[in-house]
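Okay, structure first, notes after.
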Amino acid sequence: MLMKILEKCRKRSRLSKEEIVYLLSRTDKRQTEQIFAAAREARQSEFGNKVFLYGFVYFSTYCKNDCSFCYYRKDNENPPRYRKTLEEVVETAKELRESGIHLIDLTTGDDPYYTGHPKRLAQIVKEVKEATSLPVMVSPGVLDTEGLKLIRDAGADWYALYQETHRKSLFELLRLGQSYEERMFIKAYARDLGMLIEEGLLTGVGDTLDDRAHSFGEMGRLQASQLRTMTFIPQEGAPLEGDENPPFEDELMNIAVMRLLFPDALIPASLDVEGLEGLEKRLMAGANVVTSIIPPRKGYAGVASCEHDIDDGFRTVEGIQETLGRCRMEKATAGEYEKWVADRRKCRKTWSSIKCG
Ligand code: SF4
């Protein structure tokens, strides 16, 4: 059955939900390797051996929300709280550009200082864009429609807003007190404004195989251009602190199956889960973007692994080179990434995705 499903993927035929669940449920090493190899083949046919690198600037760790899985939730007194100045953000973005990254990912908690005053956010986007000439992703939490227009007009190419799960009952246990519909609406609105969307799944938090397959269908319907999946890591001071550390295999399988379903999407291998140590297996599962590259010793945090590998300089362009070489991948040029973004924004209606369910 596995070979038949992989052959359908090669032909880019629609998979049923049952077939997707079948892929996700493989645990035998020989079979998982076959799935990862098929995912790498799909990536190769769309992107060759090129990988895109994202610099991560987490410029405000304040948040008004209380997500049950998150270290930075409002009620947690443990995390460092900071709000970097405009000058600090621009300087960091310039430094990241010099190091060779392709995109600046400007992230905050859901901080009312910005979400309530989106002009402040737009000013940061504009100045980072002017200083670096790089594509910019903005991940500020839920904005209103006017706020979105402001950041788009300031030059934001991407809007990232993770649902974590598309099973509403689970969403309500994770994103406490937040509206599922509002989050989905504003992403679709950003897409219709011409921005690219990044959607994200958290795995290992009670999500079933069926939930994960359901999410892939929703991500396709959203026409998200970048699909992220990360493993839940229990966080000190959060309600799910006492949960067991889930294995990383489900995240790897999510990456591979998303690659098979959406061969032309960007799929990150995040350094924010296991640091540099986990990069190779994520690339070998079919990822084609390295995210959470952070300048060392500048006082910037990661999200899920807030300090891991940052000040050692392993989460840098230089720090990942050896791993890229082992995976026979190489950094794309800035022009290649910019062209991909421009083409994708122009040709949204022709995306070759949604082949599930
Ligand atoms: S996941 Fe985001 S919105 Fe939720 S508590 Fe953490 S920083 Fe805030």
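Including glycine, each Cβ sits where the backbone N, Cα and C put it.
Per TrEMBL, the feature [4Fe-4S] cluster binding site maps to C63, C67, C70. TrEMBL lists F69, E164, R175, R183 with the feature S-adenosyl-L-methionine binding site. According to TrEMBL, the (3R)-3-methyl-D-ornithine binding site annotation covers D105, S139, Y162, R228, S270, T291, S292. Among the features that TrEMBL reports, domain 'Radical SAM core' is placed at 49-272.
R175 (S-adenosyl-L-methionine binding site) falls within neither a helix nor a strand when secondary structure is assigned with DSSP, and so counts as coil. Y162 ((3R)-3-methyl-D-ornithine binding site) is 10 Å away from R175 (S-adenosyl-L-methionine binding site) when you measure Cα to Cα. When each of the binding-site residues S139, S270, T291, S292 is scored by how many other Cβ atoms sit within 10 Å of its Cβ, S139 comes out lowest.
The Cβ centroid of F69, E164, R175, R183 marks the S-adenosyl-L-methionine site; residues of that chain outside this set whose Cβ lies within 8 Å of it are C67, Y162, Q163, T165, F171, L174, Q178, L202, given in sequence order. Geometry remark: S292 ((3R)-3-methyl-D-ornithine binding site) versus C70 ([4Fe-4S] cluster binding site), CA distance 17 Å. Secondary structure at E164 (S-adenosyl-L-methionine binding site), taken from DSSP and collapsed to helix, strand or coil, is strand. Take the Cα of S270 ((3R)-3-methyl-D-ornithine binding site) and measure to each of the binding-site residues C63, C67, C70, R183: the nearest one is C70. Proximity of D105 ((3R)-3-methyl-D-ornithine binding site) to non-local residues of its own chain (separation of 6 or more, Cβ distance below 8 Å) is seen for Y54, G55, F56, V57, V136, M137, S139, A160, T291, given in sequence order.
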